[in-house]
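Here TrEMBL flags 23-41, 167-188 as transmembrane segment. For 100-112, 121-133, the entry in TrEMBL reads compositional bias 'Basic and acidic residues'. The region 'Disordered' annotation in TrEMBL covers 100-133.
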Amino acid sequence: MSAHESMEHAEHAEHASGSNKKIALLIAVLALFLAISETLGKGAQTESISKNVESANLWAFFQAKTIRRTVVLTASEQGKLTLAAADEAQKPAVQKQVDDWTKTAQRYRSEPETGEGTEQLAEKAKHAEHERDEATAKYHHFELASAAFQIGIVLASATIITGMIALAYVAGVLTLAGLLMTALGLWWPHLVHLH
């Protein structure tokens, strides 16, 4: 091998080494973004599950209160029928019981001081459902971002092995797509409907 060929070979190796360093840096950045999107995705998934359980519990409590209210209203209606047929000595006691049942039924419907009336429970359950849907939408965006970053890492790694720079450009485009999906997940999870 001549001196000139050796110089060309060294220059080519130096250029390849510089490209490989840039690709390695791209891989490191992609890995960082992947870690961030995975962490955000796991947090959103946990929040979604938590809010789903919360809304289910609130709806179960709502149903239990509704059943109790129905039972008390039925007893109150039965008491009104009994009142009509009762003798005069029993009427005050029956009327008192009917009034108590009516108040209890009203309390089961709306109990603002404790937040445990059916109206308040339904409102809380709907709010928990909204928060669940928000977290689920975020989760889907973060999952897509993670996939883009993972594929980008694979393509950037393949660039080092194959020397095909086009793969690095595709990895760069996937990085931008992943960043876009992460931003959507953070700030505008319902802008693009994914599920």
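Just so you know, glycine gets a Cβ as well, placed from its N, Cα and C.
Heads up, TrEMBL stuff is auto-annotated, nobody curated it.
Residues 47-48, 51-52, 54-55, 58-59, 61-62, 65-66, 68-69, 72-73, 75-76, 79 of the same chain lie 6 or more positions beyond the ends of the region 'Disordered' (100-133) yet place their CB under 8 Å from a CB of it.
Within its own chain, the transmembrane segment (167-188) has Cβ neighbours under 8 Å at 22-23, 26, 29-30, 33-34, 36-37, 40-41, 44, 137-142, 144-146, 148-149, 151-153, 155-156, 158-159, counting only residues six or more beyond its boundaries.
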